[in-house]
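**Student:** Next up is a structure, given as structure tokens.
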Amino acid sequence: MSASAQDKTPLLGVSQPISLAHPDAKDILLTEQLVETLKKCNSYEPKAETEKRMEVLRSLNRLVKEWVKNVTAIKIPSGEGANAGGKLFTFGSYRLGVHSSGADIDTLAVVPRHIDRTDFFTSFKEMLNQDPNVTELHAVEEAFVPVMKLKYSGVELDILFARLALREVPDTQELSDDSLLKNLDQESVRSLNGCRVAEQLLKLVPRQNNYCVALRAIKLWAKNHGIYSNSMGFFGGISWAILIARACQLYPNASPSRLVHRMFFIFATWTWPHPVLLNELNSERTDVGALIDLVWDPRRKSTDRFHLMPIITPAFPQQNSTHNVTRSTMQVIRTEICEGLEICRDISEGKCGWDALFKEVNFFSRYKHYIALLMAAPNEEEELNYGGFLESRIRLLVQSLERNQDIVIAHNDPNKHKPSPNAKFDVSPENKRITLWFIGLEFVEHTKSLDLTSEIHRFKTNVELQASGVKGIGPNCTVEIDMFYVKRNKLFQIISNADLIRGRHWKKPLVPPIPLNQLGKSNITRTSSTSSVPTTPTTLVPPSIALSASTSELESTTTTTINGTPVSRKRVIQESTTTEVSSDGVPPEKQMRESPSLEESSVVEMFVQVVEQSVVQEMVNTTNDFEHSEQKVQAEPQSV
């Protein structure tokens with residue numbers, strides 16, 4: 001590749017890209033097939049639905065402005081706040097341009113300083129209640145990020161609230177300036193984080209169109225495999241978006257089909273709890289010192305050392321988007337990623353199509369034993385309010401079950417179910433609206449009996465006690481919750497046959513996840529300040545040249561500076577020492593000698609070692625052909 005062509009490739013992230021190779025004819029064909037499969041799965045919404053969403057957002061934006069104007073007239077009767085403004089922002093999948101048909105829209109109402117959160121959950125909620133287009137409105141005021149959920153003209157929305165320390169919020173207001181976070185309450189900072197992260201993600205990926213197509217694919221795969229839910233202990237949308245963004249940084253010219261494959265390849269062997277970073281951590285700032293404590297930093301905060309799979313958001317203050325992950329959900333996620341890698345290899349070899357990757361997996365085919373969590377409510381409002389609260393607590397029950405030495409895994413299904421018509425439960429007659437959640441259990445081998453009474457009783461007592469103090473529920477709530485054990489062959493008695501047979505049967509991947517204690521064990525440096533997880537380098541800067549474009553020296557020593565002190569940095573490129581044997585019985589060493597086209601056999605592993613700080617970077621490929629031209633893949637716009 002010529003120097004001029006290489007210079008046009010954006011180099012982003014905290015390390016050199018693994019490969020600058022452009023798509024070949026096979027990549028282009030696989031991408032076309034991928035897009036067609038995504039369209040069949042309704043991952044792209046029809047034009048009429050897009051126009052309806054835009055009209056709904058315009059209507060809500062008008063409502064926000066009208067509400068701010070009314071509250072301003074009451075609080076500032078002199079008329080000085082006539083131009084107070086107010087603005088509705090979008091974030092999440094909609095802002096990234098990867099929302100699917102029927103998906104909800106994440107929005108943020110930004111208002112000036114004289115409007116407070118109480119106004120949002122009182123006068124604005126009342127205004128929405130009076131709008132005939134609004135249905136299923138309920139507020140979750142006590143959530144970590146307070147939110148109002150509703151449907152407007154049939155479109156599902158979440159509305160967050162943030163108050164800026166400004167007199168006015170004009171239509172031209174932007175949120176990227178870090179100084180806007182000064183003097184804000186933590187709820188507003190967390191609410192603003194969604195919009196700020198979405199903007200940063202789009203700036204930190206080299207090819208936005210390719211990124212959006214690949215992200216659509218990963219979101220669809222994660223949902224159909226039951227590992228898409230932040231509140232239930234899995235990865236949420238932002239976490240998957242960061243993983244794909246990291247793959248884009250490491251393969252900046254790759255096609256969407258190759259990016260999907262590379263994402264599985266990178267994170268199938270990722271050495272957790274090493275964090276996934278898109279840019280440098282910034283925990284030494286003095287201009288917004290009050291927010292430094294919100295930055296993820298296991299060196300200073302002991303709670304951050306216990307995060308199992310840290311994926312760090314790119315906008316200040318950088319935070320871990322996966323703090324809810326439990327030991328069981330971590331095992332499930334890693335297993336699914338390994339299976340995704342195997343399927344992508346089969347797709348690349350022509351053994352199957354993309355539909356094999358996206359086919360829904362039947363949760364009830366995974367385990368023989370289950371705990372059913374039942375909620376019975378008298379009406380829709382209490383069902384929505386209590387159900388949202390209860391879902392956010394299920395991961396705590398999972399953590400309690402994990403502590404039982406006879407349980408190998410406690411896997412909660414993020415989907416909720418309705419009972420079969422003939423199912424009978426011991427609940428009050430007035431509580432006719434019943435919802436069920438299930439937790440699959442895998443026991444230690446040769447376990448004959450297991451008493452989970454204490455775990456279940458403790459969870460039920462804590463939930464009922466906490467719910468009595470939650471706004472929208474209260475001590476007079478009549479909702480009932482119960483839990484009971486059920487075997488797989490008895491599930492037909494409580495849920496419909498359609499739920500039991502939906503999707504394909506789950507199968508274990510041929511190559512299960514490598515135990516974490518065998519992944520880079522000798523290369524992890526621990527310090528007295530971070531005895532639980534390795535520390536994170538904070539002085540790594542984006543490179544000016546790709547690693548794969550400059551490998552003449554396999555070992556070099558450079559010098560960097562931490563707080564003005566010279567520090568030795570040593571980069572060592574080593575051959576991977578995998579012991580995996582292919583399906584045809586050929587060991588990887590022989591494959592490397594006889595099959596130079598086998599990409600994953602000729603990888604090297606790069607370790608960046610900083611004084612008392614180490615992070616396993618990524619698998620490095622040095623055999624890609626850099627002479628292919630780039631294929632531009634069209635995707636949906638990033639915002640509407």
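Every residue, even glycine, has its Cβ placed from backbone N, Cα and C.
Sharing the features that TrEMBL gives for it:
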| type | residues | note |
| --- | --- | --- |
| DOMAIN | 13-205 | domain 'Poly(A) polymerase nucleotidyltransferase' |
| BINDING | Asp104, Asp106, Asp158 | Mg(2+) 2 binding site |
| DOMAIN | 211-359 | domain 'Poly(A) polymerase central' |
| REGION | 521-543 | region 'Disordered' |
| COMPBIAS | 527-543 | compositional bias 'Low complexity' |
| REGION | 575-600 | region 'Disordered' |
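Tell me what's around each of these sites.
**Tutor:** The local packing around Asp106 (Mg(2+) 2 binding site), expressed as other Cβ atoms within 10 Å of its Cβ over all shown chains, amounts to 23.
Per-class residue totals from DSSP over the domain 'Poly(A) polymerase central' (211-359), listed helix then strand then coil: 78 helix, 6 strand, 65 coil.
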**Student:** Summarise the model confidence on the domain 'Poly(A) polymerase central' (211-359) as a single mean pLDDT, whole number.
**Tutor:** 94
**Student:** Note the Cβ centroid of Asp104, Asp106, Asp158, the recorded Mg(2+) 2 site, then list each other residue of that chain whose Cβ lies within 8 Å of it, in sequence.
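**Tutor:** Result: Gly92, Tyr94, Ile105, Thr107, Lys149, Glu156, Leu157, Ile159.
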**Student:** Around Asp158 (Mg(2+) 2 binding site), which residues of its chain at least 6 apart sit with Cβ under 8 Å of its Cβ?
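**Tutor:** When sequence neighbours closer than 6 are ignored, Asp158 (Mg(2+) 2 binding site) has Asp104, Ile105, Asp106, Thr107, Val147, Met148, Lys149 within Cβ distance under 8 Å.
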